[in-house]
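First up is the structure itself, then whatever we jot down about it.
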């Protein structure tokens, strides 16, 4: 099995789900939110390799994740959130204007609302690398169970508590990251019939148990442990589906292409969605398809230029080439 294509298919399904979750409402949104962000943390763990040089790891991931994060904030946040004329003379307006993108996390809304994921993912990667260097597998499992418990304390008793960059969500994200890491390195397998049965039960139960879902940005983690395992089941089901899709090139090709553009689509689909709804139509299906296709087209455009590939896509190779030419 070509692991790279296999992962890109999962990313494709994941980002399509993200756009759908931000377009549709009701039970569709509820089911999608159960797995769409946990899926990306799972994939992060699946692709993770322990790095002994922590400082270099921070530098590499800063280029790959934080550079595009800052670049898209400069493009989307500062021009469109500029204080209105009536508030331009208020110091508090200017303070908020510059403080919000620095704080990130829950402070980000509307067209940059989904950006919380990037900083949370970055911190999750870095912390997980430290944990794998410091702890044996058994101790690591104990620590991650404690993290999961802390996340439930946050979501149950201190729902309004959050940290800059949504660092508090890292406690809920790392367990998914570890599950992905575990499945990659131990080659754990679950019988297909059992996975299909469990997934079916989760989908059916979602119609009756509306609290069995996630909203990770706002530290809403559903039913303690039950929602976590429900999400893992759906993620593994998507993993199974992806392995089947990979065998059929005419189906896998678009999913793979969209998967490779997943971060660009994440950054751009909300502003594109809002523009479509304002100027063209509020039809959800048209908006859903258009947001994906237009975002994907921008991704192809960004690939054509070294500067956009470095700043907007986080290409380390192009970033280094730009630095060297100066």
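Our numbering is plain: 1 for the first residue shown, then up by one each step along the chain.
Using N, Cα and C of the backbone, Cβ positions are placed for all residues, glycine too.
Taken from TrEMBL, the feature domain 'Acyltransferase 3' covers 5-294. Confidence annotation: the domain 'Acyltransferase 3' (5-294) carries a mean pLDDT of 94 in the model.
Sequence annotations record features per position, and here TrEMBL assigns transmembrane segment to 7-25 (among others).
Panel annotation: around the transmembrane segment (31-50), residues 7, 10-11, 13-14, 17-18, 20-21, 24, 117, 121, 124-125, 128-129, 132-133, 173-174, 176-184, 202-203, 206, 212-217, 222, 227, 230-232, 234-235, 238 of the same chain, lying at least six beyond its termini, place a Cβ under 8 Å from a Cβ of the stretch. According to TrEMBL, the transmembrane segment annotation covers 31-50 (among others).
Positions annotated as transmembrane segment by TrEMBL: 62-82 (among others).
TrEMBL lists 94-119 (among others) with the feature transmembrane segment. Among residues of the same chain six or more beyond the transmembrane segment (94-119), those with a C-beta under 8 A of the stretch's C-beta atoms are 18, 22, 37, 40, 65-66, 68-69, 72-73, 76-78, 80-83, 88, 162-167, 169, 217-218, 266-267, 269-271, 274.
Among the features that TrEMBL reports, transmembrane segment is placed at 140-159 (among others). Sequence-distant contacts of the transmembrane segment (140-159) (same chain, six or more residues past either end, CB-CB distance under 8 Å): 131-132, 168-172, 174-175, 178, 218-221, 224-225, 228.
Sequence annotations record features per position, and here TrEMBL assigns transmembrane segment to 165-183 (among others).
Look at TrEMBL and you will find 190-209 (among others) tagged as transmembrane segment. Counting only same-chain residues 6+ beyond the ends of the transmembrane segment (190-209), those with a CB under 8 A from a CB of the stretch are 27, 30-31, 34, 223, 230, 233-234, 236-237, 240.
As annotated by TrEMBL, transmembrane segment applies to 221-241 (among others).
Per TrEMBL, transmembrane segment is recorded for 261-280 (among others). Long-range neighbours of the transmembrane segment (261-280) within the same chain, counting only residues 6 or more positions beyond its ends whose Cβ lies under 8 Å from a Cβ of the stretch, are 11-12, 14-15, 18-19, 22-23, 68, 72, 76, 110-115, 117, 286-287, 290-292, 294-296, 298-300, 302, 312-314.
Feature annotation from TrEMBL assigns transmembrane segment to 286-307 (among others).
Proximity of distant same-chain residues to the transmembrane segment (62-82), defined by a Cβ-Cβ separation under 8 Å and at least 6 residues beyond the stretch ends, is recorded for 97, 100-101, 108, 111-112, 115, 118-119, 121-122, 263, 267, 271, 310-314, 316, 319. Remote same-chain partners of the transmembrane segment (221-241), defined as residues 6 or more beyond its termini with a Cβ less than 8 Å from a stretch Cβ, comprise 10, 13-14, 34-35, 38-39, 42, 148, 151-152, 155-156, 172, 175-176, 179, 183, 190, 192, 195-196, 198-199, 202, 205, 209, 211-214.
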